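*Asks:* Okay, so Swiss-Prot annotates it like this:
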type	residues	note
BINDING	His89, Asp120	Zn(2+) binding site
DISULFID	Cys80-Cys132	disulfide bond
DISULFID	Cys106-Cys121	disulfide bond
DISULFID	Cys107-Cys117	disulfide bond
DISULFID	Cys155-Cys175	disulfide bond
DISULFID	Cys167-Cys180	disulfide bond
DISULFID	Cys212-Cys218	disulfide bond
DISULFID	Cys346-Cys349	disulfide bond
DISULFID	Cys376-Cys430	disulfide bond
DISULFID	Cys395-Cys407	disulfide bond
DISULFID	Cys437-Cys450	disulfide bond
DISULFID	Cys565-Cys572	disulfide bond
LIPID	Cys640	S-palmitoyl cysteine
MOTIF	346-349	motif 'CXXC'
MOTIF	565-573	motif 'CX6CC'
Amino acid sequence: MACSTLPKSPKDKIDPRDLLIPLILFLSLKGARSAAPGSSPHQVYNITWEVTNGDRETVWAISGNHPLWTWWPVLTPDLCMLALSGPPHWGLEYQAPYSSPPGPPCCSGSSGSSAGCSRDCDEPLTSLTPRCNTAWNRLKLDQVTHKSSEGFYVCPGSHRPREAKSCGGPDSFYCASWGCETTGRVYWKPSSSWDYITVDNNLTTSQAVQVCKDNKWCNPLAIQFTNAGKQVTSWTTGHYWGLRLYVSGRDPGLTFGIRLRYQNLGPRVPIGPNPVLADQLSLPRPNPLPKPAKSPPASNSTPTLISPSPTPTQPPPAGTGDRLLNLVQGAYQALNLTNPDKTQECWLCLVSGPPYYEGVAVLGTYSNHTSAPANCSVASQHKLTLSEVTGRGLCIGTVPKTHQALCNTTLKIDKGSYYLVAPTGTTWACNTGLTPCLSATVLNRTTDYCVLVELWPRVTYHPPSYVYSQFEKSYRHKREPVSLTLALLLGGLTMGGIAAGVGTGTTALVATQQFQQLHAAVQDDLKEVEKSITNLEKSLTSLSEVVLQNRRGLDLLFLKEGGLCAALKEECCFYADHTGLVRDSMAKLRERLTQRQKLFESSQGWFEGLFNRSPWFTTLISTIMGPLIILLLILLFGPCILNRLVQFVKDRISVVQALVLTQQYHQLKPLEYEP
């Protein structure tokens, strides 16, 4: 900052009323916080806070595993690190980031005199311009930053208020005029209620002097995030500041930035063929037999056949059909173990439309971890909502009244930075989605609430009579039966002791293995469904291609066309009995329907069979039956009705004739005779 020898007053500040509008705008956006798009706020990422120089190169960084927007460490880069590849007056314009402290050391230090030293660090310091290229200059810089009459001040960059137009740009280190500074270590102690950071020294004067004498970076800063900075979610793009030394003459300065990096966000979707349909593998085909190769003919010998030795090949990845078959196979084994009467003969059906999974609320004991476990970093983007959870279980957080019916026990968590991990075979169903573990920091900072649930695939159980009746030619419409899902049949299996292997003996061990197979199949299918949803959300292809991304519907269509399942309404059904799951379910369905048809025909009489064997005869009879009945009624009751009608007409005619004759004659009065 260009400055005369006049004292610099801290009174020339920006009027606080000028900051009122930006402050209101900031408070209005304060609640607009979100985690990574499409992810759970409790998901743990590998977070890295980076401090950059004026060329946007990283010169210092710190990493940790935490949920987004919950970890705000103190950043401690050295002041000279910010000057690497920076302005020439710092003496480090040719030094790359992460370089060691350059220049000759002092001639005295903790290790004694050093060869090639430049000056004695113990001699009195002069008022030379502080630089970073030697140990002597870094010691002088330490004197400036710790002296009460000198120091440094920091001015915000692009995120400053619009009214601060006089603060300039990077050329003036965002400090072109007084009043632009918001933090620093100078005697007037600048401050701000809206800036994102505060900057101070991280070492005392005596500590810094000793480190400088040892030819190390000896001017570390302490950058702390303010409450306003902790509410901002734009750190991934970076924010920038300018720093200037408060010395006599022209104040030297530099610019630096702070940005956030986080990993484990999933694969990026390239522009091109849609990856959702890329792994639609067909059913495995048998490998062709190797062709015999003839050996070179030898003299006086017959040719011999030599079979080439098979070369080991890696098994192909599991296709969509195999994945869904594994899911149904695991469901069958778990059902056969717990309810063997249900698997005498049954059909297990996969639904083609969402939801593909349902949850059962359970009670369980979660584990408490001070550091994030490995499974907390697993991406959890499953679209299960609390409206699809049944039962009563363990709840955490502030549960609204509309969902308190799911809670048998509600726990309030204490403040702190720790993680709650769900027991094996369960997960947390929160109002933000599914997650294997919860962050106490996120729960205390938000209004999130969660329920401990078991996840069960939406596999529908049907008795054989219902399935066969849907494929038979029946003219009677029966009432739709109540569908039983796997969650209703096996709900509470995990916390009931089977998954944990409760008990001793073979039964408990087998039960654990059966459930683990189902659990593994569920996890594989959830990953594929999640991948399809992610690709669908990020797809840049045409609408017709997006419509084809109904992954589960396509998977079931492939199974149906391959004869592996029977299509029943919107479900793909597999036949199962005590021998196991039948892969060729369509052949089994045809066989059972043929058997039922023969049994039905054998129990019918010749008259009923006539109607079943001649469909045209049924149509003919139903067409002429009405006219024939009417004609028969006419023949039976027609003569009687006709006679009655004729007699009635005759009677009326006779009455009319009598009336006519009566009108032509007059009645004579009787004569009276006198005595």
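Cβ coordinates come from backbone N, Cα and C, glycine included.
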*Asks:* To the nearest Å, how far is the Cα of Cys132 (disulfide bond) from the Cα of His89 (Zn(2+) binding site)?
*Replies:* 9
*Asks:* What's the CA to CA span in angstrom from Cys175 (disulfide bond) over to Cys437 (disulfide bond)?
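*Replies:* Cα of Cys175 (disulfide bond) to Cα of Cys437 (disulfide bond) measures 46 Å after rounding.
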*Asks:* If you measure from the C-alpha of Cys450 (disulfide bond), which of the disulfide-bonded residues Cys180, Cys218, Cys395, Cys430, Cys572 fall inside 10 Å?
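*Replies:* The disulfide-bonded residues close to Cys450 (disulfide bond) (Cα within 10 Å), listed in sequence order, are Cys395, Cys430.
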*Asks:* Within 10 Å of Cys212 (disulfide bond) (Cα to Cα), which of the recorded positions His89, Cys106, Cys107, Cys121, Cys376, Cys565 do you find?
*Replies:* Cys106, Cys121
*Asks:* Tell me, by DSSP, whether Cys376 (disulfide bond) is helix, strand or coil?
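*Replies:* Cys376 (disulfide bond) sits in a helix per DSSP.
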*Asks:* Per DSSP, what is the residue count of the motif 'CXXC' (346-349) in each of helix, strand and coil?
*Replies:* 0 helix, 4 strand, 0 coil
*Asks:* Given His89 (Zn(2+) binding site) and Cys407 (disulfide bond), what distance in Å do their CA atoms have, once rounded to a whole number?
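*Replies:* The separation of the Cα atoms works out to 66 Å.
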*Asks:* Helix, strand or coil by DSSP: which one applies to His89 (Zn(2+) binding site)?
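*Replies:* Its secondary structure by DSSP: helix.
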*Asks:* When you measure from the Cβ of Cys212 (disulfide bond), how many other Cβ atoms are you left with inside 10 Å?
*Replies:* 27
